[in-house]
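**Q** Take a look at this one; I'll ask things after.
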Amino acid sequence: MDTEQQAATRRPWTVPMLAEAKHKGRKLTMLTAYDASFGRAMDRAGLDLILIGDSLGMVMQGHDSTLPVTVDQIEYHTACVAKAAFNSLIVADLPFQADADPDRALQASTRFLQAGAKMIKLEGAGFKCDIIRYLSEREIPICSHLGLTPQSVLRFGGYKVQGRDEAAAAALMQQAKDVEQAGADMLVLECVPSALAAEITRTLKIPTIGIGAGPDCDGQVLVLHDMLGMDSGHRRPRFVKDFLAVGGSIEGAIAAYIEAVQSGDFPAPEHGYA
Ligand SMILES: Nc1nc(=O)c2c([nH]1)NC[C@@H]1CN(c3ccc(C(=O)N[C@@H](CCC(=O)O)C(=O)O)cc3)CN21
Ligand SMILES: CC(C)C(=O)C(=O)O
Ligand SMILES: [Mg+2]
């Protein structure tokens, strides 16, 4: 396709369309990408959202956490993806401590939007609600991320399911209400019991995107390398499914993922936590 044809066939996702999709019960599909080639394949397959995740610290750089990732790196990979993705809505992760104070968060978010992202994602509630409010008042679309927030790995002591006991579940529900109230436009729920994720999804007006959060979120996200069945060097989490084995090629895997999420076939009960 040349640039003119691309322009003619553009039906780009916008931020207001996300809430509309939730309202209509149309499941949202999201994957991570870090380069133009995968961004192009996802865009052409009709994927709704592409995340430039700080998971790049693990899958691209080989670290054992997301903590070493920098603003420069997320900006670079966002620019790479944005070169080739025209319809999918691009979301970029604020890396570790880039959201530690409002001014740093605004500087980093501005760079990501100028590199081609349409929304930024940040982990946590509490004082992060002040950051969410500060950015959203400055017209920056926000995706919150709650539950297993990988930037909290040192305090969590590992990648563990969150919100399992009654008190933790109530705290997570309150965090979800708080980030919505602060101005978040979307919410990623990672590794939380399926029933709690369903309750949060019913309670909030903004769409929820699950990863290890059961079938009742408004959409799903997976890390690219995981959905291609690649060995991460760690034990494979429950929520991962190898779509390359289903689709037979990279394009086939992306198409199979979109189909499985939209039909409700993925995630199955065995991909979730109790
Ligand atoms: N390749 C990759 N995929 C990811 O999903 C991902 C990353 N990297 N890096 C950042 C975080 C880390 N993530 C992880 C890593 C491990 C588990 C895991 O092993 N979970 C246990 C849960 C144990 C429990 O508390 O019950 C599992 O058995 O699934 C979960 C999420 C998710 N994110
Ligand atoms: C796993 C997703 C939600 C993420 O934050 C990332 O890839 O960094
Ligand atoms: Mg992330």
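Every residue, even glycine, has its Cβ placed from backbone N, Cα and C.
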**Q** According to TrEMBL, Asp54, Glu123 bind Mg(2+); which of Asp93, Asp99, Asp101, Asp165 is also listed for that site?
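**A** It is Asp93, as the record lists it for that site.
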**Q** What is the Cβ neighbour count of Glu123 (Mg(2+) binding site) at a 10 Å cut-off, with all protein chains included?
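**A** The answer is 23.
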**Q** Could you check the binding-site residues Asp54, Asp93 and say which one's CB has the fewest neighbouring CB atoms inside 10 Å?
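**A** Sparsest of the binding-site residues Asp54, Asp93 by Cβ contacts within 10 Å: Asp54.
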**Q** Under 6 Å from ligand 3 by Cβ, which recorded positions from Asp93, Lys121, Glu123, Glu190?
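**A** Near the molecule: Asp93.
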**Q** Filter the binding-site residues Asp54, Ser55, Asp93 down to those whose C-alpha lies within 10 angstroms of the C-alpha of Glu123 (Mg(2+) binding site); answer none if the list is empty.
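**A** Correct set: Asp93.
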**Q** Around the Mg(2+) site recorded as Asp54, Asp93, Glu123, what other same-chain residues have a C-beta within 8 angstroms of the site's C-beta center?
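**A** Those within range, site residues removed, are Gly53, Ser55, Thr66, Val69, Leu94, Pro95, Phe96, Lys121, Leu122, His145, Pro150, Gln151.
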**Q** Please classify the secondary structure at Ser55 (3-methyl-2-oxobutanoate binding site) using three-state DSSP.
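**A** Once the DSSP labels are grouped into three classes, Ser55 (3-methyl-2-oxobutanoate binding site) ends up as coil.
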